[in-house]
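The structure appears below as structure tokens.
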Amino acid sequence: MDNCELVGSRIRLGLDMDGVLFDFDSKIMDKFAEMGIQFTDVKEMSSAVEFDKSIKQRHREIYHVPGFFANLPPIKGAVNAYKYLKSLTDINNNKIFEIFIVSTPSFRNQTCCIDKINDLNKYFGPELLEKVFFCRDKTLVNLDILIDDKPEIRGFNGSSECLSDSNSVTNKMSFQHIRFHSDMYKYSDDVPIINNWIDGTYIDVVKNVCVDKNLLREVVV
């Protein structure tokens, strides 16, 4: 993004944790395997959760167990992607992003929040701990962009499914929702989506959204 210039102040970029920074689904599959329930991949588990009520109930019970969120492994490339985004500057050498963590806690899991804090500290460092939001309604958080694996972010201030259609409902959400691909969900074809943190394509996705939302402008040198 060295050919871009910030239009205003630093861009407030929110990152979800489960399924975006940390491999939530692989640990769920491991717990199912301990019960003798084997899935070949996340897609197979997703289908079972969707169509089998008993599997859906067990899926919920797994992450409600205290300690589940402790020592979740980071998704491949997530740590390096965070460091890269944090380091980016524009043509005037201004830092582009101020990065926040926005995560939904499991209130039935008494150790959820402290386990997530420890995971962040272990892999992403103590600096990020000052910028963590645990909240049930992410639409209330004042961001420019939120990267989240959910197909839709819905809450008091509206729905990210409606942001492209101004005639549908009144939206007060401050941020553009970028989806991070998960085989647990199905996504529309017309939404910005990041498929992984490894191959570098996420950079163009984020840049294009920033330009489209007039947060960055491209400069011809």
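For all residues, glycine too, the Cβ spot is worked out from N, Cα and C.
Checking the candidates SER46, SER47, SER54, SER103 against Swiss-Prot: the one annotated together with ASP18, LYS138 at the phosphate site is SER103. Binding of Mg(2+) is attributed by Swiss-Prot to ASP16, ASP18, and within the candidate set ASP149, ASP183, ASP189 the record adds ASP149 to that site. All chains included, 24 other C-beta atoms sit within 10 angstroms of the C-beta of LYS138 (phosphate binding site).
Around ASP149 (Mg(2+) binding site), the same-chain residues six or more apart in sequence whose CB sits under 8 Å from its CB are ASP16, ASP18, GLY19, VAL20, ARG179, PHE180, HIS181, SER182, MET184, TYR185, listed in sequence order.
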